[in-house]
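Marked as active site, proton acceptor by TrEMBL: Asp197. What TrEMBL lists as S-methyl-5'-thioadenosine binding site is Gln72, Asp147, Asp179, Gly180, Pro206. Feature annotation from TrEMBL assigns spermidine binding site to His103, Glu127. Per TrEMBL, domain 'PABS' is recorded for 42-279.
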Amino acid sequence: MNSLLMPALSGKSQKTRPYLLPELPPDRYYVEAPTPESLGNGSLIFIEDSDPFDRYTYRLRNILYSGKTAYQNVLIADTVNYGRALMLDGAIQSSQDDESLYHEVLVQPAMLRHPSPRDVLIIGGGEGATLREVLVHRSVKTATMVDLDQELVDLCREHMGTWHRGAFDDPRVRLVYEDGRQFMENDDARYDVVIIDVVDMLDNGPAQALYTRQFYELLKRRLRPEGIVAVQGLEFCFDDAAPHAALARTLRTVFAEVHSYSAAIPSFLSTWGFLIASDWFRPDEWTAHEVDATIQSKLGSQWLSHLTGDYLKSCFSLCKETKFMLSLPGPVIEDGVDLILPPHIEEVEKPYATFPIPG
């Protein structure tokens, strides 16, 4: 994806409210949204080319870092609407205001469902927030984080403290700066939970090696019998399900139980997909009450900002059209084979309804 930085345009100022604001709990406070005037004429717009036809724009307050590591272009900036944000190769990866939602939804279903996760492997997750969500579990004895880009991790240590919250310095952590695929080929440790939080597979690039059947076969050999895998599952909605569906099909060639779920991530301007894979876990057999009881037992009531039993169950509830898209046969992601997705599917336009619709 390409990106542009350009001056922002000014707009109208905010009006005075003709009402009293309600009193908030002690741990909350109000923050006025900025106006274009308050930002001044020097503010910038970050433009993300989300696909060949559309662009997303983010207004920036200021830039903390803009440069290139050995592997990718990096921008760390304070945005107006989403707080501090990390952009890699022109695409937003994480933002301060909603990263807790993304990382709770990615990490906690697997960590909560496993009876007692002791040894956890994270591939990717350079900001440290995935690691943070793992380490909150008292049962964890070792957390191995593998990331290709040490320069990026160092930048995140410096500029993204609210993500990692010191997690990199926890004595249970082992940091490995290596290609994730190479690590899996050489590693002989066993893990209870594996979390894959790497960049999207774009245009059959290097990251695709972390999405293939052969990679998941390597990974499964490193799992203990009750092991669970959680995967960042790409943009995912009924109108854009093909890449996620290919990933789900690929996981199903290796694991007996593979389940898709999703959450709307505001800064991504999209619904985002996740997958949980194992040989035993079925989300429909895990009630909301059981989820809440597990959260209370393992984490207590204060840690999570978003996840509850009811909310997690809703994440696994997919619409009719999405289920149809996931049910279709199609390509599996393989080593050395370009992934060519099937054409977009359109529904034959239905005639205008006559109301009331006959029973």
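Using N, Cα and C of the backbone, Cβ positions are placed for all residues, glycine too.
Calculated from their C-alpha atoms, the gap between Asp147 (S-methyl-5'-thioadenosine binding site) and Asp197 (active site, proton acceptor) amounts to 10 Å. There are 24 other CB atoms within 10 A of the CB of Asp197 (active site, proton acceptor), with all protein chains counted. Counting in whole angstrom, Gly180 (S-methyl-5'-thioadenosine binding site) lies 19 from His103 (spermidine binding site) by their C-alpha atoms. Sorted by the number of other CB atoms within 10 A, the binding-site residues Glu127, Asp147, Asp179 start with Asp179, the lowest.
Nearest Cα neighbour of Asp179 (S-methyl-5'-thioadenosine binding site) among the listed recorded positions (His103, Glu127, Asp197): Asp197. For the domain 'PABS' (42-279), the model gives a mean pLDDT of 94. Each residue contributes its Cα atom, and for Glu127 (spermidine binding site) and the residue listed as 'active site, proton acceptor' these two points are 10 Å apart. In sequence order, Leu88, Asp89, Asp149, Leu152, Val199 constitute the residues six or more apart from Gln72 (S-methyl-5'-thioadenosine binding site) in its chain with CB-CB distances below 8 Å.
Cα of His103 (spermidine binding site) to Cα of the residue listed as 'active site, proton acceptor': a distance of 9 Å.
Within 10 Å of the C-beta of Gly180 (S-methyl-5'-thioadenosine binding site) we count 22 further C-beta atoms, all protein chains included. Under DSSP, His103 (spermidine binding site) is assigned to a helix (H, G or I) in the three-state scheme.
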